[in-house]
Ligand SMILES: [Zn+2]
């Protein structure tokens with residue numbers, strides 16, 4: 001009986017010591033270390049001297065999203081970018097009209113129900129209202145009755161009912177001849193013009209823009225996750241880096257879809273050529289990224305060249321688009337400007353990333369804030385957003401200018 005408490009105490013004491021050792025080991029594992037202390041598989045940038053995590057337990061590694069280390073801003077810059085694109089996806093689905101062909105209910109609302117855009121489409125609607133109201137001053141009510149509605153709301157394009165029984169109508173204080181008794185060709189022409197101006201065509205399909213938004217979100221989320229948990233183990237680093245490469249490939253491939261689909265809407269063979277080519281290249285890049293046989297260090301230049309060629313090959317369809325539409329379609333030019341902005345943003349980002357500036361100029365000084373990889377991430381998000389704006393230009397262009 002007496003030995004029992006002693007034994008229990010010894011066990012408790014031993015367990016307590018064990019727990020303490022485990023806790024100390026965990027704490028020592030969760031300390032930030034310097035570049036020289038890193039294993040080879042974590043050594044990447046010798047100009048960043050400190051604040052490294054290394055082989056922390058997975059739970060602590062994930063929770064480190066809320067602590068300060070040299071990957072904190074890398075994680076958050078692309079996580080916020082992901083949330084931005086999630087918002088843009090919802091915004092695009094709700095504000096910018098969707099593909100009519102995929103929805104049976106669309107046909108009854110196709111003319112006006114979802115008509116709108118970031119700014120310009122809304123402005124166009126306002127302009128149409130003004131035009132229609134102005135027409136009320138010039139046309140008899142019967143001629144100005146296009147009956148536009150927007151989400152069930154009547155747009156005041158119809159004129160107040162005519163209460164005059166005489167051959168002439170006094171409408172909004174302006175005397176207008178009744179065209180039933182004195183038909184004037186100019187009245188009919190104006191009515192036709194108004195009807196044409198207020199008749200909004202079915203919007204072009206949206207799937208290439210949504211494919212791009214999905215590709216961007218995959219890229220940003222895998223990148224953020226990669227930066228967060230890569231340090232956990234060599235195996236985790238191997239897997240997450242492969243996923244990161246695949247995410248980059250998905251961003252590049254889906255970036256081509258709005259460009260190729262909308263630019264060559266009236267040239268199906270070119271459309272298929274460009275979309276097929278980039279999809280095949282993307283599949284090749286994904287294979288290179290995921291298959292272990294392609295991970296040999298000597299194949300690193302091949303992998304880098306593949307991604308670079310994929311991105312740079314976007315110059316070809318953009319130039320082709322400008323050759324066909326550069327002089328006739330403002331939408332083609334506007335989208336090309338945003339695509340150029342995207343190219344510049346990605347290009348500057350890659351140069352900064354490769355040059356490892358500014359940390360190269362002051363090693364150790366930009367460990368936490370301002371090092372090249374953080375700047376690279378900001379340029380990637382900016383470039384991806386510029387490409388989204390190009391997608392909006394395509395929608396504005398092709399909604400009103402189909403084949
Ligand atoms: Zn990164």
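Cβ from N, Cα, C; glycine included.
The region 'Disordered' annotation in TrEMBL covers 1-20 (among others).
Positions annotated as compositional bias 'Polar residues' by TrEMBL: 1-12.
What TrEMBL records for 75-96 (among others) is transmembrane segment.
Positions annotated as region 'Disordered' by TrEMBL: 147-191 (among others).
The annotation transmembrane segment is assigned in TrEMBL to 209-231 (among others).
If you look up TrEMBL, you'll see 227, 373, 377 marked as Zn(2+) binding site. Taken residue by residue with DSSP, residue 377 (Zn(2+) binding site) is part of a helix. All protein chains shown were included, and the count of other CB atoms within 10 Å of the CB of residue 377 (Zn(2+) binding site) stands at 24.
The transmembrane segment annotation in TrEMBL covers 243-261 (among others).
The annotation transmembrane segment is assigned in TrEMBL to 273-292 (among others).
Feature annotation from TrEMBL assigns transmembrane segment to 304-324 (among others).
Annotated transmembrane segment per TrEMBL: 336-355 (among others), in sequence order.
Positions annotated as transmembrane segment by TrEMBL: 375-395 (among others).
Long-range Cβ proximity for residue 373 (Zn(2+) binding site), meaning a same-chain Cβ under 8 A and a gap of 6 or more residues, is found for 45, 74, 353. Outside the transmembrane segment (304-324), and at least 6 residues removed from its termini, the chain residues within Cβ reach (under 8 Å) are 245, 248-249, 252-253, 255-256, 259-260, 263-264, 267, 270, 274, 277-278, 281-282, 284-285, 288, 332-333, 335-336, 339-340, 343, 346. The Zn(2+) site is set by 227, 373, 377; from the centre of their CB atoms, other residues of the chain with a CB within 8 Å are 71, 73, 74, 75, 77, 78, 223, 374, 376. The listed stretches are 75-96, 209-231, 243-261, 273-292, 375-395; of these, 375-395 has the most Cβ pairs under 8 Å to the transmembrane segment (336-355).
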